[in-house]
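The block underneath contains the structure these notes are about, expressed in structure tokens.
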Amino acid sequence: MSISNITVFMPSVLTLIGIPGLESVQCWIGIPFCAMYLIAMFGNSLLLIIIRSHRSLHEPMYILVGMLGVTDIALANTIMPKMLGIFWFHVPEIYFDFCLLQMWLIHTFQGIESGILLAMALDRYLAIYYPLRYSTIFTHQLVYQIGAGIALRAAILVAPCLVLIKCRFQFYHTTIISHSYCEHMAIVKLAAENVRVNKIYGLFVAFAVAGFDMIFITLSYIQIFFTVFRLPQKEARWKAFNTCIAHICVFLQFYLLAFFSFFTHRFGAHVPPYIHILFSSLYLLVPPFLNPLVYGAKTKQIRIHVVKMLCS
């Protein structure tokens, strides 16, 4: 690696500092993070075991919940081992190519999770809007095709971010990333060259995935609410609405944290760095932590099987 007075040429190793401004207490911050990680692993694994082992749960809605659980496990395992290595074992170095791989995996899994939430909204819309035709429209084959399409969309859209960094940038101001994981804009900001193309494409991906999904999820639930409130019986309205509560909770916590992290990273010049990094880290960890708790508590069929399994 050749180093000039102000730039670094093609660094092979980068340094993640964790949470800037809170380095002295990172070992304590790692404790709740680790607890959330372990609960996320246990909860999502339990959810997958229950869905897989009970034929009554082999329905499109529960298959989508299982897909969400797999994505949550993969996302948490992508970030937490390295993050805890920084917090507890003072191992901040990461190979440049591994950092790019982590960036691609993180944003790909985020895109997959967003797509699954859209598929869940579509599932509830069809179940409530077309109850008699639901089983013939939303088949198992369609669910698996939607899952494959969601994964391909995320992987293909995020891949150019990796290529644009690897092929366009040769000189970097520093090798120190003021973050606890390899995030796209955190890496781009290291470059000592024109980063306009990278920023524009990053915005395009964010709005093409999260923006598109959020708009259609919102429209789906608006249609669902109109349909539910037109039902003649109060009990029928509550039953239909109750099937959507868990999805709405997951949808709100995912997108509120996502857009706070996104906009503070790009436009929050007056937000303290440690606030942004903490929320960015929580944005990746809270959904895997909360999703199994929400679906376990709010979905009656899953809750019954969880109680039976724990009691036995």
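The count begins at 1 with the first shown residue.
For all residues, glycine too, the Cβ spot is worked out from N, Cα and C.
Annotation source TrEMBL lists domain 'G-protein coupled receptors family 1 profile' at 43-295. Among the features that TrEMBL reports, transmembrane segment is placed at 28-50, 62-89, 101-122, 142-165, 200-228, 240-262, 274-295.
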Average model confidence [pLDDT] within the domain 'G-protein coupled receptors family 1 profile' (43-295): 89
Long-range environment of the transmembrane segment (200-228) - Cβ separation under 8 angstroms, sequence gap at least 6: 107, 110-111, 114-115, 117-118, 121-122, 124-125, 128-129, 153-154, 157-158, 160-161, 164, 184-185, 188, 237, 240-241, 244, 248, 251, 255, 258-259, 262, 266
Outside the transmembrane segment (62-89), six or more residues from its ends: residues with CB under 8 Å to it: 16-18, 26-27, 29-30, 33-34, 37, 40-41, 44-45, 47-48, 51-52, 102, 105-106, 109-110, 112-113, 116-117, 119-120, 123, 140, 143-144, 147, 180-181, 250, 281, 284-285, 287-288, 291-292, 295, 299, 301-302
